[in-house]
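**Student:** Quick one: the structure is below, questions incoming.
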Amino acid sequence: MTAVAASSRVSDPLAASSSAHPRTLRSSPRKRTTSHDSSISPSAAQSKQLPRRKKPRTELVDESELDCAACPAVGQPAPTPGKGAASDRETWICCTHCKTWFHCICIGLENPDDFSKWYCQPCITRSEQTFESGTSSSHPPFANVVRPPRRKSERAKLQIDYAAIQEGIPADPLGRWKNLLNAYEFEPDQFRRMQGHEWTFDWLLHDESALKQPVLVPAPPDRSSQAPHVQAKAEDVAASPVPRPKPARAKKQATHRLVPCHTSIPGMVVPPPEMSIFDVADIIGHDTPVEVIDVASQSSSKASWTISEWAEYFNTPKEKKKKTLNVISLEVTGTPMQAYVEAPQLVRDLDWVTRDWPAERRDASCSENSWPKVQRYVLMGVEGAYSDWHIDFAGSSVYYHVIWGQKTFLFAPPTARNLAAYKAWCSSTRQDFDWLGDHLHSLTRVDIGPGETMLIPSGWLHCVYTPKNTLVVGGNFLTDWNVATQWKLVEIEEATKVPRKFRFPHLKRLSWFVAKGWNDRLEPLAEFETLTKEEDQVLEESAQVSAQVDVGSLTEVVPPLKVLNNIELVLQSLSDDLELIQDPYVAESGDERKVKQQKAAREAIPTHHVGNIQKAEAMLASLRQRVDRAKSLADAVQSERVCLTWEATRAKKAKAANGSAIKSRKARR
């Protein structure tokens, strides 16, 4: 899933420019300036009397202020590096004796790391002349000292990306993240475990904690037992050295071999556990472009990737991978892969896009970016992949299902303190070095295995580690139940200048469709818009509501009070936009930011569904009246729901008891 600052952190901070400082192959110029003074050391007697002096700390050398003593004069040809030699003017070496600095290319030096002591030619010549003249018998002539070869080890070596280090990315960030996960003491995992069949609308209506904390649906017992075997089989097939069949044939075979699976959660469809990454490529098309994240920098890879190339990389042995990469934003709606990914029915009932965005404006004939396609993601992470701290765009909620592999989540609740720390961190230039977890409270670790599904509510901060190759499906959705948190996260995105690419697409237009949808759904309350003040006052007294209104007929019309309060937040946001659109002083003010906001607000109104500005204003006024009426009825309607639920539960128990009694009588016969 796309993340904000994600990243999601998908919207990652720009790394420091690599052109600001020259690159050295050795770790630091400080290590090359060790003094080898020729002064005679004190005698043994003196050393007993005098305290040992500490070696003075060598000052850091700013290479941008250095001058090369061997650079060719102006007009002279530039030196040509030999085979394997440093080919730029950003690799330096310092003479151990005179402390003069040289470009390696100017002196034809291949690799400065080959020497533990290196002397420039003038120093070597002078030392030879002095030694031959006999004026100094204490020291032999200077000679370069080659480093002894390192002892070879059969251990896998960490591939250090020097270019990444030069750009401000810390060394071994992958190992650092893994160490943080293993070293921290987290809060006990007390998130609720639910059965799949419990993911219903009744859960939201009767559980005050619903959509406030993450919940996990464990894998069915049969799925858990076969998961390791099936995962290994899928990876073996994908990594097999046998040549892959042609794309068209492979696609046909995959379609017949792989059958979408239904989970224990009503309405949810996921790929079968034997699906490999090559199968994904076969299904959606080998030339389909994918955005690949470089885990070390937490930013998009500069190279262009196709899903076929990604499948080859994914199944390359770990020791042969030069970089750790990740795919977290492959949306498959409108592709053949859509048949394998369907959100739970509860998610579709709550999702603003699925419920309120007109169906004819999000079908296959619509252009790719004309509507918010965020419902069906396929995520593919290799061992060691990591997504830094983020909140999904616009504070959207997430459903997340692991097909095979494992994901390790760290969660932090969206408290005022945590969100303030997150906002400050998103604006910081030291995100790569400053782990946000140090500034958050109530961190909880959750490991999600094959066949398990996680529901992440709006605003929860999280980072994700991949301990083994993993295939995941999931999606994002905005709801009526979390508008306050969603709007708060939108404000943070605006304050931290998150690029538009990493924000929830078409959010303003979607808000208009949501308002239009609720105005239509609350239309049965229109009959109360003509009540007199006296009748309205009676209606607001819950004790007399049932006598005035058939409350039972409104249980499917009037939502809970918390939802009505959130609808009012949507109303207020759209009213502010209308006020901005009709402000005549914006154009005269010369404020470019305000002018752009005014234009965006005007273009967001779906005139084909809402009408012009005057009709949009009238629609909001109508919705406001209906919401007010619904709020006056909400308590009575909720009480009616509780009674109906209690009666249904009692009837169900009675039916079950009667069934047991009948079975007992038959058994006695």
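Cβ coordinates are placed from backbone N, Cα and C, and glycine is handled just like the others.
Quick paste from Swiss-Prot:
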| type | residues | note |
| --- | --- | --- |
| REGION | 1-61 | region 'Disordered' |
| COMPBIAS | 16-27 | compositional bias 'Polar residues' |
| COMPBIAS | 36-49 | compositional bias 'Polar residues' |
| ZN_FING | 65-126 | zinc finger |
| REGION | 131-150 | region 'Disordered' |
| REGION | 220-256 | region 'Disordered' |
| COMPBIAS | 246-255 | compositional bias 'Basic residues' |
| DOMAIN | 332-494 | domain 'JmjC' |
| BINDING | H390, D392, H462 | Fe cation binding site |
**Student:** If you count other Cβ atoms within 10 Å of each one's Cβ, which of the binding-site residues H390, H462 has the most?
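**Tutor:** Buried the deepest by this measure is H390.
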**Student:** What is the pLDDT of the zinc finger (65-126) when averaged and given as a whole number?
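**Tutor:** Mean model confidence (pLDDT) across the zinc finger (65-126) is 78.
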**Student:** Could you tally the C-beta atoms, other than its own, that fall within 10 angstroms of the C-beta of D392 (Fe cation binding site)?
**Tutor:** 26
